[in-house]
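Copied over from TrEMBL:
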- 30-123: domain 'Ig-like' (DOMAIN)
- 125-218: domain 'Ig-like' (DOMAIN)
- 232-319: domain 'Ig-like' (DOMAIN)
- 324-483: domain 'Ig-like' (DOMAIN)
- 566-661: domain 'Fibronectin type-III' (DOMAIN)
- 645-669: region 'Disordered' (REGION)
- 648-657: compositional bias 'Basic and acidic residues' (COMPBIAS)
- 666-759: domain 'Fibronectin type-III' (DOMAIN)
- 764-866: domain 'Fibronectin type-III' (DOMAIN)
- 868-967: domain 'Fibronectin type-III' (DOMAIN)
- 955-975: region 'Disordered' (REGION)
- 960-975: compositional bias 'Polar residues' (COMPBIAS)
- 1030-1051: transmembrane segment (TRANSMEM)
- 1090-1118: region 'Disordered' (REGION)
- 1133-1142: compositional bias 'Basic and acidic residues' (COMPBIAS)
- 1133-1153: region 'Disordered' (REGION)
Amino acid sequence: MDILVVGHVNSKFALMCVVPVVCCPVEQLPTITEASPSSLIAFPFDESFPMTCEAKGNPKPEFWWTKNGEEFDPYQDPRLIKEKNSGTFVIPNTGNLTEYQGTYRCYASNKLGTAITEEVEFVVPHVPKFPKEKIDPIEVEEGQPVILECNPPKGIPPLQIYWMTIGLQHIEQDDRVSIGLNGDLFFSNALEKDSHRDYCCFAAFPKIRTIVQKNAMSVIVKSTNSIMEREPSLLMPSGVKSETQLVKGDELLLECIAEGFPTPMIEWLKIDHRLPDRVTIENHGKLLSIDQVDEDDKGKYMCKATNIHGMAVHYFDVSVEEPPQWVSEPESQLSMIGSDVLINCSATGTPQPTIQWMVNGKPIEGMFSVYLNKTCILLRTSPGLPIGAQLMDFIVYSNSTDSAVYQCEASNRHGTLLANANIMIMSKFMGLHWNKEDSTGSLEGLRFTVHQNGSLEIYNVEKEDMGQYTCYTKNTEGTSAITALLDVKGIQLNKIKHFFKHPSLGPCINRLSLFFSADRYFIEDGILQIVNVSHRDQGMYKCVASTPMDQDTASALLMVLDIPHAPENLLLSEHKGRSVKLKWIPGEDHNSSTTEFIIEYEESQWEPGTWRELQRVPGNHGSAVLKLYGHVNYRFRVSGVNTVGRGRPSEPTERYKTPPAAPDKNPENIKIEGHLPHEMDINWEPLSPIEHNGPGLEYKVSYKRQHVEEDWQEHLVKRHSFVVKDTPTFVPYEIRIQARNHHGWGPEPKVVTGYSGEDFPSAAPDDVAVEVMNNSLVKVSWMRVHKDKLHGHLGGYRISWWRLRSLLDSKKTHGDKHTLTFPGDRNHAMVPGLTPFSEYSLIIMTFNRRGNGPGSHAVNFKTPEGVPERTPVFRVTDVQKHTVTLTWAPPLEANGVLTGYLLEYQLINNTEEVGVLQTVDISNPDTTMWVLQNLEAISRYKFYLRPCTRVGCGPRVSKESTTTPERGQRSTGNISEAVNSSKTFHVIEGLELGTVYTVRLMTNNWVDNTSIFEYVIRTRAKVRISTQGWFIGLMCVAALLTLMVLIACFVNRNKGGKYSVKEKEDLHPDLESQGIHDDTFCEYSDNDEKPLKGSQHSLSGQIKAEGSGDSLVDYGDEDIQFNEDGSFIGEYAGRKEKKGSMEVKGTTNQSTA
């Protein structure tokens, strides 16, 4: 290569040797450029799922995959979609994805090494389902707790739980009723109104767009004359203490649900600290949440459930852990054979991550030695030693084949980090020298200087210096040279200088690679960009712009900011019992001045291993005097803070134990409550264990009535509560609490004021009046209860009301009772949410902390008429070419006198404009079906329906339907009146003979198409009895029997004339036996009212107790329907009228004495 350089006489000039030796295309180790996330969920509504793996390198990398640790070839599965010259493959959603579930990893390899991705878990979610089970009804007495278990199925989070009735009405939550984090429904104390047979748990999985429902549960609450009051106990969680572990950035959720009566109230505390400002209290005080927790949120939390009878507590020990984070991520390096290669890799996290080293994707143990605690590997490359040669100091020698991709994987139970470091080992530079064409040896002399980077500098250039210069360079791979031509002219320029990097990094590297590592440094349009800046990047950067005639430079100082380094050399001095002086040497501030130091302590008795902040000092201090508690074995550590953040803490000091002393403080947050009329409960926040200052801590409780001349009553207790017995009801007391231990008393306590126990109010509000504001809102006013009748602190007023009846119904019932609470001193309130056109009853009472006072006299009022609710059912039941049949159900609440319906419809074909809105005014309120005619064929219509009262029309419901191209043959259905639920049958009249019908039994709310049962029946065809063979045969038999009877009677009469006895009897008849012989078998009567004996039997052979004497002939010309057994279906129709009737009785045998 020849270079022409123009110089000037007497100038200073430099020739650069930048010749690559034994040039070849630049080779690069594989580098992963794009990869799938660590978790890939196969949602059922996605069409495909790409497993992404892209990499660069020279030679071009080849890709291969593993699944669950075993080799996996996507090209062997024809169902997978592959991309050319790429490691990416796509899993199509063909419905069978379970076989692809597993953990995948991609490898990108060329002859220099192998890069790998993090493991990718491909998750195929299953459709969550509740198990089919029979749930027995739950029976409890009123006031007892109830838990309805949901036990939702597992699925892709987030999980949302809803409790509703079968009618999709949400279960209202309040202080007494709540849904727990586990999905269960809790009743702190059950009331009679909680009795329902359709409690349903719904589990929603939004990510997979699925909602599943558990079988309905039944709760039966048995009423009792008096509910047993009791102190609180916790339903959730169980026990006294629990541990909660979170990952930094997660949401902290702590839950306490208590049972008891009256309903307990929940209070939250953080031991030794106030609750963080980011705390949110939800679910009526039962749920504490902190979004994105950090290290400061760990500690011990307490929930306290209290009512007038006592309290229950639970402690939560919250710890915050972290997934791995890089402290020092391994970086790619370019080194010479024989030089040391140091690969740093360290990570932080809780628990401390473990480090796994790999080379080209394979574990490094057994191949190389690991330096110290697996946070770095030290390689020394040399051409003279074989691979794997090991020295005692854990240094491994290797040659240029050690070029590879080294992986560092840091993991703990919360996650895994993986980093690839490309280590390129190049040939070692072995020297260079310059020659001039007319010189026999190397250039020497005062005017010639060869710089360390290979540049030749000539001072005071002369005309004789003009000519050809050659730079010879050599490394372990070979020798090469570059030639430069120097032309010296007579014009002198100011000093010209070129800056180039020394070419000793080896062959096959372009000029950019001589300066910077290509994976972190990018130069584009004269701009140098550095990614992932580290401290080693700090320094002065110079940009050189040059031409064959001239050059220019610009410099920039790069300063890297970081958190302070940990302070060093901590020393305790000036020990003065309960104070000590702590000194330290600040660590490197990394170009951002330290603003403050944080001093922390750890003690060995109460919370060993837990570090807590003691105090802060300004950043320009190197010592602090520490004020300490007594009887504590301390050690300390210090960390610095600057504008970047808080640095890592120092190593701890040695232990320092303080001597015991009397307490420095007395209890705080003293609360005086009265749960019973003649008691006073005193509670306070106890001193933390470290504040005891010594053994034997106890408290002196002193109290006396305020404004009364009497002595202080004193008691020593070790717990943090005390109950004063036999107090007057609701009188003020002065209380003070003082701490002491075996070494003395604490400071003089402050006096606080509180009241003894409250009793129920003894009077009800007077002059209760109700003003109707509109059809759903009333204003209630009253006269306040005098304070002497309150017997406690006024809590407010409660208004209770219930619906007596709808004004459409004359019968009064006691509906569900509703209550609103209005805190504070007031004499009026608004009651919303009433049902229009109804009669209500209302009472009002006052309350204090003890409970409710007596209720006022009930006041009845009526709400005016309103518009109806929306129609619950609106359907298109039959669609023809020009007609559409609409059916609906009446509104559940008419809110007045229903006057009819407003039916509207319009054409809505797929155009920007819609048709004119047509209106049909249906004035019959009993109408539930309407046929719209003269519609356009094959057109889409939208129908609207609104029920109306005298006030107006209610909200509308809508349906859409498209008319058919041809006339259909479908028939419309009919809806019967409500079926009497106490009977097991229902008669349907008006059916046609010989016709097929579908009969459905449905619930009266008609919310969906679900029917209790459905049958298809066919009515019988018209039958004429007179044409039936069996009837004709029966008539013939009857006629024959009648003829035989007549002949027998005739013969018997003729024979009777031959006996004189007969004639004598005719002259002197026996009056007692006359009645018997009048209706003898042989006599015949043509009276229409006396049918033949034996004709009284029905077709079934049974004698009717009471009925007409009609014979089958009377019905011979009528349409009579029979079942298969010959019995009648339903009642007779169209019977002939009879002038008389007879009663058929059974015969009896009589005798005369």
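Glycine too: its Cβ is placed from the backbone N, Cα and C atoms.
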Its residues classified by DSSP, the compositional bias 'Basic and acidic residues' (648-657) shows 0 helix, 2 strand, 8 coil
Should anything in the same chain at least six residues away from the compositional bias 'Basic and acidic residues' (648-657) have a Cβ under 8 Å from its Cβ atoms, list it; otherwise answer none. 563, 565-568, 570-572, 575, 580, 582, 584, 587, 600, 602, 604, 611, 632-639
What are the DSSP helix/strand/coil residue counts across the domain 'Fibronectin type-III' (868-967)? 0 helix, 47 strand, 53 coil
For the domain 'Fibronectin type-III' (666-759), residues assigned helix / strand / coil by DSSP: 4 helix, 47 strand, 43 coil
